[in-house]
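*Asks:* Below are the features I grabbed from Swiss-Prot:
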DOMAIN    2-87  domain 'GST N-terminal'
MOD_RES   ALA2  N-acetylalanine
DOMAIN    88-216  domain 'GST C-terminal'
MOD_RES   LYS147  N6-acetyllysine
MOD_RES   LYS212  N6-acetyllysine
REGION    221-268  region 'Disordered'
DOMAIN    276-437  domain 'EF-1-gamma C-terminal'
MOD_RES   LYS401  N6-acetyllysine
MOD_RES   LYS434  N6-acetyllysine
Amino acid sequence: MAAGTLYTYPENWRAFKALIAAQYSGAQIRVLSAPPHFHFGQTNRTPEFLRKFPAGKVPAFEGDDGFCVFESNAIAYYVSNEELRGSTPEAAAQVVQWVSFADSDIVPPASTWVFPTLGIMHHNKQATENAKEEVKRILGLLDTHLKTRTFLVGERVTLADITVVCTLLWLYKQVLEPSFRQAFPNTNRWFLTCINQPQFRAILGEVKLCEKMAQFDAKKFAESQPKKDTPRKEKGSREEKQKPQTERKEEKKAAAPAPEEEMDECEQALAAEPKAKDPFAHLPKSTFVLDEFKRKYSNEDTLSVALPYFWEHFDKDGWSLWYAEYRFPEELTQTFMSCNLITGMFQRLDKLRKNAFASVILFGTNNSSSISGVWVFRGQDLAFPLSPDWQVDYESYTWRKLDPGSEETQTLVREYFSWEGAFQHVGKAVNQGKIFK
């Protein structure tokens with residue numbers, strides 16, 4: 001298992017590739033990205049650093065055994081395990097294919113489009129429009145490939161997914177607003193599935209998708225450029241003496257002291273993001289405390305404790321019950337792939353957990369299965385339209401609102417919440433269930 005030190009600068013998406021790979025493989029990596037241990041632009045130009053890494057580039061990795069390697073893809077490969085690299089020659093070749101595709105096809109247009117919005121690069125209108133069209137082509141290509149796949153290569157995350165996600169990261173955060181990305185549902189589903197994996201979240205944190213396409217800011221670009229030195233006037237010059245005293249005071253006020261440490265471009269972009277609004281804030285306060293029910297459900301017997309608590313405290317005016325059924329059972333083949341559909345949906349709805357609960361069950365066997373479940377939502381309507389990020393999967397299901405007082409609803413809730421019962425409306429045996437809580 002690899003172990004060593006990664007030199008980089010903060011929020012370097014190229015370094016994220018190796019760090020996410022290490023989360024999967026168990027490689028032990030120490031990150032040096034800030035003074036006094038590492039100062040980008042200085043440390044990487046010292047003779048000592050250049051002896052180990054002649055190109056002076058970061059990220060750069062130094063193993064505890066003295067092994068040194070630079071270039072982000074090489075580092076990510078080194079700290080990976082066999083599953084990430086591709087467990088067969090064919091899979092390994094496909095992983096390299098997508099890693100190469102990310103560098104050759106995605107990085108150029110992504111940089112041309114995103115960098116001006118961060119103030120890193122000057123804006124060229126025609127180049128930006130060309131980059132947008134190229135990004136559309138790339139997202140469409142991925143969308144077609146992912147139509148019948150959960151991940152880019154095989155049925156599990158590989159370096160292909162890690163690399164392409166990291167390369168697309170700033171596009172999704174900065175410019176791919178909902179109206180632009182909605183044409184690529186399979187790509188969006190895959191991207192959200194990946195970034196919500198625990199190994200991705202450990203490095204990326206909570207990724208906020210773009211709500212409004214960022215534009216080039218000429219002022220920000222000008223501020224990021226090195227300032228030219230202006231010739232000093234001699235002390236006591238005639239022009240200075242002739243200035244009114246009030247004008248001198250105004251000049252002193254205008255010359256505000258510079259902050260001790262300026263934010264880099266990534267930090268500026270993050271700081272400029274609007275604070276997320278609670279999509280349920282408009283609803284009146286409810287007496288039903290969902291978290292308390294979830295604790296009962298997790299720690300107590302479902303039939304004797306959790307269900308009685310649910311019906312005793314359920315607020316039918318503040319909450320609603322829904323039955324959902326997957327629309328395309330004929331497309332379900334291997335049961336583990338069907339389970340991935342459920343798990344992926346849950347991961348993409350992570351921000352909905354405080355206001356929803358669900359029990360979704362896979363019934364049947366390979367090539368003869370179905371998916372259905374019972375959901376609890378805050379409010380009287382389906383929650384998915386409240387956020388574009390929640391709309392990836394829900395149209396793949398039929399939704400029927402349940403009457404909390406009906407005998408049918410009582411039976412459905414009991415059977416789905418306990419995973420026990422006749423399930424007469426299904427006609428197949430329970431294979432396995434998933435809980436969204």
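Cβ atoms here come from the backbone N, Cα and C positions, even for glycine.
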*Asks:* When you measure from the Cβ of LYS212 (N6-acetyllysine), which residues in the chain that are at least 6 apart have a Cβ under 8 Å away?
*Replies:* GLU177
*Asks:* Where the distance is taken from Cα to Cα, which of the modified residues ALA2, LYS401, LYS434 turns out closest to LYS147 (N6-acetyllysine)?
*Replies:* LYS434
*Asks:* So among the modified residues LYS147, LYS401, LYS434, who's got the most Cβ atoms within 10 Å?
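*Replies:* Counting Cβ neighbours within 10 Å, the top one is LYS434.
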*Asks:* Around the Cβ of ALA2 (N-acetylalanine), how many other Cβ atoms lie within 10 Å? Please give the count over every shown protein chain.
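*Replies:* The answer is 21.
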*Asks:* Using DSSP, tally how many residues of the domain 'GST C-terminal' (88-216) sit in helix, strand and coil.
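*Replies:* The domain 'GST C-terminal' (88-216) comes out at 91 helix, 0 strand, 38 coil.
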*Asks:* Mean pLDDT across the domain 'EF-1-gamma C-terminal' (276-437), rounded to an integer, is what?
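*Replies:* Residues in the domain 'EF-1-gamma C-terminal' (276-437) carry a mean pLDDT of 90 in this prediction.
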*Asks:* Using DSSP, what's the helix, strand and coil tally for the domain 'GST N-terminal' (2-87)?
*Replies:* 33 helix, 17 strand, 36 coil
*Asks:* Measuring Cα to Cα, tell me the gap between LYS401 (N6-acetyllysine) and LYS434 (N6-acetyllysine) in whole angstrom.
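*Replies:* That comes out at 20 Å between the alpha carbons.
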*Asks:* Just the number: how many Å between the Cα atoms of LYS434 (N6-acetyllysine) and the residue listed as 'N-acetylalanine'?
*Replies:* 35
